[in-house]
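Working notes for the structure below.
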Amino acid sequence: MAGKTLYDKLWEAHEVKRRDDGSSLIYIDRHIIHEVTSPQAFEGLRLANRKPWRIDANIATPDHNVPTTPERKGGIEAIVDQVSRLQVQTLDENCDEYGIVEFKMNDVRQGIVHVISPEQGATLPGMTVVCGDSHTSTHGAFGALAHGIGTSEVEHVLATQCLVAKKMKNMLVRVEGTLPAGVTAKDIVLAVIGKIGTAGGNGHAMEFAGSAIRELSMEGRMTICNMSIEAGARVGLVATDATTIAYVEGRPYAPKGEQWERAVEAWKDLVSDDDAVFDTVVELDAAQIKPQVSWGTSPEMVLAVDQRVPDPAAEADLVKRGSIERALKYMGLRANQAITDIHLDRVFIGSCTNSRIEDLRAAAEIAKGRKVAATVKQAIVVPGSGLVKAQAEREGLDKIFLEAGFEWREPGCSMCLAMNPDRLESGEHCASTSNRNFEGRQGAGGRTHLVSPAMAAAAAVTGHFIDVRELIQGSAA
């Protein structure tokens, strides 16, 4: 009998009942809530005269709509947009009514949902984790089965602590070898998406493995699992190991004492068996990965920084040719244009993909002693949580950014998506550490280029894309 994958083990451990239609009832251990996808769910509970089934399984924070500028210290009334203000206020009221733990807008523990749950230890190995946000796959970095859900499912989880789901296929993405200096987890996952496309992982749980993955910090693993959804997979996974356990130990929600010892022993099995069979296997050589830059309107439209934008005339497939032509037109780029000839109007370092302390350190290393280029209208750094912000300030990273000409902001989703005051104007090019570059994602007509934090900082100080390794070598010289 073949061994089991990590996904198989997590699924079986949480399968309450298998249904006649092939779906299963799955128990949910952790439910993370934010202000955008929860109001209707709470109202549904109220109309049905129900209460949350397990209050302590829920944790909430506002993130999508909150302003990241200093005036937010004035409280909810400082939120200018009426809909945004109402959503944040409604989350506060709903959590207060039902006794759900919420890190409110000006709580130091507030931040992006996918940053605050891991840093609190609320995301643990072996858990099932859901949130009304597609980038819930982030939490799979802990060996947890995590994925996004819709608003109606948010209500189901609140009411029953269960979800109906169908088991997916297993995909293994194996990345072996050593990453070159200046190449990061963000470059790995962008390279994966460039290789398999945004539909490559459809219908699969995507486990990342190999020596290059094992060498990553938890921050790096979260970055990779965060963007598994951009590769088509709802679920991203990394096996639990000593790195995972060291990160979790001592955090507020982590087990303590004897419970901790028992948990660590149980977590040792959160790996795929040596003889486990995967439906699909994808392999990459870490040593061959270069700093990546997206050039188009889909995450799969990504290239190494030393390459050129494709020429649609060279594409035989008419559908692909049309996609390239449309993307070039929207992005205001020319066929065969060098990636390094793309000039930036704005730079955004933040989002649930790249706003943790390691990300800010990497960006600060490039910004230190340099200045934001005069041609760049704005460069902002948005920590993923109040605790990340405080840590960065203890390390003096805020001073490095401010002296270089970056803006140092309060935590939130910020410029990742145009749901708050931080957004692009039409036609502006932005080097962004976020996860999506769809048309209008950062503002109507905005042109998004996905990169790592170090690459974003390098673009900020030069005004155009540059291989960050040139600046690293320059610093060392």
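Just so you know, glycine gets a Cβ as well, placed from its N, Cα and C.
Some features that Swiss-Prot has for this protein:
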BINDING   Cys352, Cys413, Cys416  [4Fe-4S] cluster binding site
Field: Cβ-centroid neighbourhood (8 Å) of the [4Fe-4S] cluster site, Cys352, Cys413, Cys416 excluded
entry: Asp63, His64, Ile112, His135, Gly350, Ser351, Thr353, Ser355, Gly412, Ser414, Leu417, Ser434, Asn435
Message: Going by a 10 angstroms cut-off between Cβ atoms, which of the binding-site residues Cys352, Cys416 has the sparsest surroundings?
response: Cys352
Query: Within 10 Å of the Cβ of Cys413 ([4Fe-4S] cluster binding site), how many other Cβ atoms are there?
result: 29
